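Asks: Right, I'll just put the structure down here and ask away after.
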Amino acid sequence: MAIQKPRGTQDFLPEQIGNWNYIEARMRNICKSYGFNEIRTPIFEETSLFLRGIGETTDVVSKEMYSFPTGDKKEQTYTLRPENTASAVRAYLENKIYGKENITKWFYIGPMFRHDKPQAGRYRQFHQFGAELLGNPSPLADSEIICMILQLFKDFGLEDLQVELNSVGCPNCRPEYRKKLISFFESKKDKLCPDCLSRLYKNPLRILDCKEETCKELSIGAPAIHEHLCDECKDHFEQVKAYLTAAHVDFHVNPRLVRGLDYYTKTAFEVQYAPLGAQSAIAGGGRYDGLVEELGGPATPAIGFAMGMERVLLTLEKQNLLPETTIDPSVFIVALGERAQIEAFKVLQVIRGAYCSAEMDGQNKSMKSQLKYANKIHAKYVIILGDDELARQEAIIRYMETGEQETVPLTEVAMRVISMVKGC
Ligand code: HAM
């Protein structure tokens, strides 16, 4: 049996890379206008970063991590990053960025790894575009982040997206709310799904966003977080909503939106596209005011988001918004005979040297077969160079769209074709 790619991973072949380049270019562009600079952190980190950063009871940490021995120290393991926020904060601390600037705005694009059951829109290796804004406690920052995501989606032409918004409170108000939730679910614990049963005392908020029908029904009437927010969280949430309203953002307050990572405080949000089904979240994020401190740094407010790039592509595809991308060469050189091949190769190098895409075959096939190939790869211009042309120091340019041809001096052919490709 031939070796196949690991389950839950994908090969992206040249015809798909055009789409990836397209979305990445727009992502980089929007980061430029919102003042975010790119970072690149290692694809693996010490496992303890994710245990402390994301939380030991989360599904991501307890079930989905790819961990392996470091090979240096016994007992110590590394983990393929399941997300990039913890790594960004680690880099922020390790490079003492907090001492150099008051506000830090970073973005990243890259692969993440989660050992989950693969399905449409859910992969074991997937890619995220994300941004982190550290040092700004203002609700304005929360709104800015959401507006940036929506502007990107709007520029893509995407429609029918829902913005789900919630506040998950903070270490002042959440413990009391947790207690209330535990006592609400304790009386129903026999009916909870095994996952929720194990969450009951560790992470009861997660029961609220369980996808199992019975758990959904059991959580009807559960205490609502908004009634338990402290004044600071309540005020922050009101202001986020006011800023979003001022920016004409259509959002839906969803008290059940509990994100799957433990570091969130106050604002939590997701952007969903329902036709993607079970994996409808195309972006998610929120405030994580306690994470920098949790990882050993000074108290630093922060907010960020990440979007699943495969899900963005799926959504663009569903809405027919992916641009036609072509990887066709502009020029093909038909060379007939050994001497002509050498001359053709010189011309090829001059054309490529001007960053115009050009191809030749080099196998000395018949004129008919080389022209057929030029046609197949949609070359716009074909240069024909045979021994006769060579003897006259000429070459033929054929315009494939019209079939017209002209003869030009061999010394000028490269420049002529270059100027036509470049449109000058
Ligand atoms: P997350 O919600 O776990 O948040 O992931 C963000 C996005 O990544 C999801 O909305 C989804 O589009 C995509 N995603 C997650 N898992 C998969 C998967 N298995 N296959 C395909 N796509 C997936 C975070 O990762 C946080 N670090 C976001 C954040 C940044 N919060 C604050 N700053």
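The count begins at 1 with the first shown residue.
Heads up, the Cβ atoms here are built off N, Cα and C, so glycines get one too.
Unlike curated records, TrEMBL annotations are generated automatically.
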Asks: For the L-histidine site, TrEMBL lists GLU83, ASN84, THR85, GLN128, GLU132, ARG259, TYR263, TYR264; sort out which one of ARG114, ARG178 goes with them.
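Replies: Only hit among ARG114, ARG178 in TrEMBL's L-histidine site, alongside GLU83, ASN84, THR85, GLN128, GLU132, ARG259, TYR263, TYR264: ARG114.
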Asks: Quick check: in three-state DSSP terms, what is GLU83 (L-histidine binding site)?
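Replies: DSSP assigns GLU83 (L-histidine binding site) to coil.
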Asks: L-histidine site residues GLU83, ASN84, THR85, ARG114, GLN128, GLU132, ARG259, TYR263, TYR264: biggest Cα-Cα distance, Å?
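Replies: Among the residues the record ties to L-histidine, max Cα distance equals 21 Å.
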